[in-house]
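Input: a single structure, listed below in structure tokens.
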């Protein structure tokens, strides 16, 4: 089954109907988007997935990445992260564990959610090589493809795969140098592997085989961003753009084979380069869904990187990015806690909305909030707030004597003064 | 004494020298900026103020507004807000109390800080009228001017004064209507007063007298934004722009009289209108320092408005705003706590820096962070972090087994993989 082929045959599937209803667009709009590769709808033949469309003309979606590390590995904490991410309104999850029993953790996480769950299969392949053979560079290509298929069968329904790192990309990196090197784990693993084995990246060299696996298991392919900058001074550099070109070329090939495809983008990007990144990526990928990672627009605010990424994500979304990977306040410092996962999702959701106000002119909730504020109607305000509970908690923690207003202005509330004295 | 007149005579004062040294620009650059009205340096003849330049070519500055309300009035809490604002790195404070003994609170706040302290004199004038005469609309113009002078003598060294609300501005508002009306307390008070008394705003009608007071006490005039939108659907509307035009006209007059002048801007503004606001304001004010209030770029995130304002402030700063009024997470819900003041200042400072990366190409600390990250040198990272304490707390709360890295990636840290396998 291929949604792309269905759409191209003129068929409007149940998934497309659902997306159209969720988004308030026509079914034909969604069908055309899928048929043209501008919209993806991740599905899975192995489990029932909450349908969520990603791409042109649709609400900007937010992904929350969770997972263990070699230092902190407790599946119950990961399940709590799933719960917090869902509470905060994440649209998708990525399960990126690198510590503990990876297959078991993934199984339990998938069992705990109906959201689409993404993965990065090469993590498991490299880590198993390290455990079984002593070094990540001893990973064998066959194991990588086997694990990719296994993860799909376990219900992982989109995958970040580092197809764009090849000798050409590596040459750009070597010839250019970098301030902060590689910060993508997939990019670092694969580059190390290529250098050690003097072999081309199997995900690039055997891309046709990869596509067979994607097709067989109906996985949505998210073309990974292994060369993304890890510092604003490395942003939009030749290595990253070379990888984008390779990914874009392969994305067309995947699309032609009926594989739904997303292309990932940076990373660390100062605000004056975000628009160029979005325009370039949309152009060279023929308007494939753009999965923006962050982006972080300054490097000097560790502890607040969810807020830093909000600025980048809001701009990205306004310029046309379709899908935002959240960043938590623990980024660059530690594995996030469930509370930090919640904060990260909220920050990204606000950013996605700020962008959608421009990209899609989605401003109805803002208008309702403005009217509810003028009416001093707190229940109406909470009803359209992104987190009604938090808003209510803050106000209730300091209730005013006159319960119409709030303690900020008390008796001298501008809205009350206006209501008393004006009739316009 | 007038810094403007000094600068125009070619004199480089101690204040200008200090600003030049702080900012890494030449003394001549600062002198020219002051002489042309593009830079202000708030001073006070009544107390020693920590010198801070605001305007073109200088680092974007952050103001923290504090103060009591009729519901919550405890001067010790206000003093703690001063401490938290300074800890978080605020450049200036505004003391905006509307509850308790206003003069005494202001006196104690000013005694607790060496930062420039701003005020809105009409709050006190209107509130005293309400207490003594029964209604804010019974305020008398003489009292307003008397209080303005008293506040200056108490050491308040910049003042937001609502000069731009006149019959012309009010006509725009009446003819147009609004979704959320007026949300500026000064704007609401003054409009109510004008309607009730059928008199022109004395701050406009007697602007020359106001300037005499500003000159006598060397107050920096911040032209208030009483018509600013309180909802994104009211942004950049005819009422707000009419007020801007009046303020801009008066700002030139003030400048010609040797009064240092800032012009305030909105408010609530979606991200696609921010650049137009900055360009317009800079143009019609002849490049006076632009004091941006927020701006809030969506209305649907009460409880997170410091983050929402970050997006607006970062863009504003990048386009040319010089001075940012912070927003706290309690905005629209309650009077902020000292902790919320801290959070608000941090969010605004990050935003100001994000803007300065573009406006002034200030990226040295980002570069150092990138290099420190590549070197896995945590002390160097903390040294350039906007809040070293918070960054260290997050990492230390979850220390990795291998203390070179962090628990996010543990053994599979990209930077460690790169260091082990590459030599580029």
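Just so you know, glycine gets a Cβ as well, placed from its N, Cα and C.
Sequence annotations record features per position, and here Swiss-Prot assigns substrate binding site to A:94, A:123, A:162, A:184, A:185, A:186, A:225, A:226, A:227, A:228, A:264, A:291. Every protein chain shown contributes to the tally, and the Cβ of residue A:185 (substrate binding site) ends up with 25 other Cβ atoms within 10 Å.
Within 10 Å of the C-beta of residue A:332 (Zn(2+) binding site) we count 22 further C-beta atoms, all protein chains included. Residues annotated as Zn(2+) binding site in Swiss-Prot, with sequence analysis given as evidence: A:268, A:332.
Mapped onto three states, the DSSP output places residue A:406 ([4Fe-4S] cluster binding site) in coil. The [4Fe-4S] cluster binding site annotation in Swiss-Prot covers A:406, A:409, A:413.
Residue A:162 (substrate binding site): 28 other CB atoms within 10 A of its CB, across all protein chains.
Secondary structure at residue A:162 (substrate binding site), as computed by DSSP, is coil. Cα to Cα, residue A:185 (substrate binding site) and residue A:332 (Zn(2+) binding site) are separated by 13 Å. Taking a C-beta cut-off of under 8 Å and a sequence gap of six or more, residue A:225 (substrate binding site) has these contacts in its own chain: A:160, A:164, A:184, A:187, A:240, A:243, A:264, A:265, A:266, A:267, A:293.
In sequence order, the binding-site residues near chain B (CB to CB under 8 A) are A:185, A:406, A:409, out of A:94, A:185, A:227, A:264, A:406, A:409. Taking the C-alpha positions, the distance from residue A:409 ([4Fe-4S] cluster binding site) to residue A:94 (substrate binding site) comes to 43 Å.
Mapped onto three states, the DSSP output places residue A:227 (substrate binding site) in coil. Closest by Cα distance to residue A:227 (substrate binding site), from the binding-site residues A:268, A:332, A:406, A:413, is A:268.
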